[in-house]
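J.: Please find one structure pasted underneath; my questions will follow.
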Amino acid sequence: MASSRLFLAAALLCLASSAQAFKKPYIVYLGSHPYGPDASAEEHARATQSHHDLLGSVLGSKQLAKDAILYSYTKNINGFAAHLEEEVATQIARHPDVVTVMASTMLKLHTTRSWDFMDMERDGQILPDSIWKHGRFGQDVIIANLDSGVWPESNSFTDEEVVGEVPKRWKGSCSDTAKYGVSCNKKLIGARYFNKDMLLSNPGAVDGNWSRDTEGHGTHTLSTAGGRFVPRASLFGYANGTAKGGAPRARVAAYKVCWSGECAAADVLAGFEAAIHDGADVISVSFGQDAPVATVASFLQEPVTLGSLHAAMSGVSVVCSAGNSGPLEDTVVNAAPWVTTVAASTVDRDFPNVVTLGNNAHMTGMSLETTTLHSTQLYSMIKASDAALASSDPAVASTCPPGTLDPAKVKNKIVVCVRGGDIPRVTKGMTVLNAGGAGLILANGEMDGDDIVADPHVLPATMITYREAMSLYNYMDSSKNPVANISPSKTEVGVKNSPSVAAFSSRGPSGTLPCVLKPDIAAPGVDILAAFTEYVSPTEVPNDERRSEYAILSGTSMACPHISGVIGLLKAARPEWSPAAMRSAIMTTARTQDNTGAPMRDHDGREATAFAFGAGNIHPNRAVDPGLVYDLSKEDYFVFLCAMGFNSSDLAKLSAGNFTCPEKVPPMEDLNYPSIVVPALRHTSTVARRLKCVGRPATYRATWRAPYGVNMTVEPAALEFGKDGEVKEFKVTFKSEKDKLGKGYVFGRLVWSDGTHHVRSPVVVNALD
């Protein structure tokens, strides 16, 4: 009998453990609160109690509900995150008060000279018409960064030159209580962390209850957006100069929602709510999902989409990275129309070095290495596949994973490793160094083409294009003793045909919302110098003991805060503008030409399209005075959601009862966006737009270049504005030409001009019949 009871107890324990194992974090979204941003603590407490009541009605008790809830979103977002079984989540989703329930997912981080290249200065001197002067360097604008935290000791965040006290509207703080936590000053005015979801989903990723940045990503992006001017900044002597944020006099706040490169959905939503409530003017987000949202039904089940919608409803601009899954099409993420989605482009700065072969041939590569080879010596070369350990597959060893190379074959030689294989590039160099190699040549594969990147390697190294790699292999295969030398790298500015679109930058069209062009805009995202944590090496390779206060990184993560900084300047210069007006000003004044006057190129040398760079590469000084803007209100976004298929019941919850879908819902293509997309043209289609005057009265006339195989007309073709703030409507009609169908997406443009201002919009059409 005793053994039977023991068995039963063990079985029950096993079942309980099994049930616990199937729990995971879910976000229950209820829409908006009926109260405003100045609600009392009592109202917030009542909202929390209502969440306990709702969940308790399903779980059977309020105490179980309290124990399960991770976050109650009570400030602007109405909902909660809880640790639940799938069956319970399904049951809650049927509740009439619930808009949607989403399982928590992991989002990924999308991981100087750039401001000079964008004409905000020239040779270190600020130009008279610079947006820096118009926007007072972002004075007292508040930029919030949702990322991996901040390294507060960085010179980019000291308050030595800050004028005035922290704005009284600011409600945030530095809440760390841990040893070595982050403390505030008059520049860095907020630092908070959110890890309750991550502690359940991946507890090993959490490095502590603090907002200190131990990865570097958050410090880099925040300083790019709003760091102060810091002279004599460099990475190991490269890119030496003054590090600058876009809005150097802005106040900045760090919200640590990402841990070990990942960001859990419930933590992200908590970060959004806190930043909105604390009083941020701009929220910068350099992370996103691995892949675009799959369906319209799941559109609001993505935390960045949901959090940014509430930000837009509160008048807060949200800027997001487009993702690093290029150059494939339909890879863009963070594609909601209420966010500004940023692609990555190059600047006119490179870090070249030269490979000299034994046959006296020369190849130009790229690197940020900190050690060099003897300049007069030629070193034997070996392919990594030929240097594999007996226990290693040569095909695997070709990409130089750790522990795959034979020291006896590699010692004192330059090793040629193939790019790719999910091995970080700097780790490949560490593999060669640990095996006794003298240097590294990182060779592109065919898919990589001419896209090469400068990395802070731990040994003499370079990266070469696919074309150069083929020449290198031919030399090595034809020589009994192939030898080479790698020269030291240098910093070179004024590189022609810049900017171009980075190969890694995610491309449109957006599979979920093909009627909205994404990305919106391109900004510098390649080899960007900005502040960094001193907790780890700039390479983030565990055995690399080098440290630097500044690092050079690439990614749409680096492009995003450039736009965040510019929007901070626009907020200071034009405080009456809405987030949509600021996005419009940036898009309609963008450039689509490089520094030679030729059309911007893609990574492969071909002309880039709007799916790669949106409206073009940012030109900040023009954005202060665009002449006209395409403006949007929260009601416009609500109508757009109605067109997507969300019903009046959903919109009533989202708007706290203040909005229902109109009887006649306009098509999604009529959203008043600064770009025009017709994703499925069948014979003929007409889209409507509104322009708002934000300058002097004038008459604007339309000119356009129709996409190939499409007839395009604009009615009326002239708009007369008699005063600032006046709004005029126009329509654009497209007709397909039957003998020119089947070309897929084709591209054109529309320009409104009064002779001084040129309000440009990209036009994209897919003519089906």
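A Cβ is built for glycine as well, from the same backbone N, Cα and C atoms used for every other residue.
Note that the structure is a prediction, hence the values are computed from the model and not measured.
In case it's useful when we look at the structure, here is the feature table from TrEMBL:
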SIGNAL    1-21  signal peptide
DOMAIN    26-110  domain 'Inhibitor I9'
DOMAIN    139-616  domain 'Peptidase S8/S53'
ACT_SITE  Asp147  active site, charge relay system
ACT_SITE  His217  active site, charge relay system
DOMAIN    398-472  domain 'PA'
ACT_SITE  Ser557  active site, charge relay system
DOMAIN    670-765  domain 'Subtilisin-like protease fibronectin type-III'
J.: Fewest neighbouring Cβ atoms within 10 Å: which of the active-site residues Asp147, His217, Ser557?
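T.: Result for the active-site residues Asp147, His217, Ser557: minimum number of other Cβ atoms within 10 Å at His217.
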J.: Round to a whole number and give the Cα-to-Cα distance in Å for the pair Asp147 (active site, charge relay system) and Ser557 (active site, charge relay system).
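T.: Distance between the two Cα atoms comes out at 10 Å.
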J.: Could you state the CA-to-CA distance between His217 (active site, charge relay system) and Ser557 (active site, charge relay system) to the nearest Å?
T.: 8
J.: Kindly report the helix/strand/coil residue split of the domain 'Inhibitor I9' (26-110) according to DSSP, in that order.
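T.: Tallying H, G and I as helix, E and B as strand, the rest coil: 34 helix, 28 strand, 23 coil.
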J.: With DSSP as the reference, give the number of residues of the domain 'Subtilisin-like protease fibronectin type-III' (670-765) in helix, strand and coil.
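T.: Counting residues per DSSP class in the domain 'Subtilisin-like protease fibronectin type-III' (670-765), I get 4 helix, 61 strand, 31 coil.
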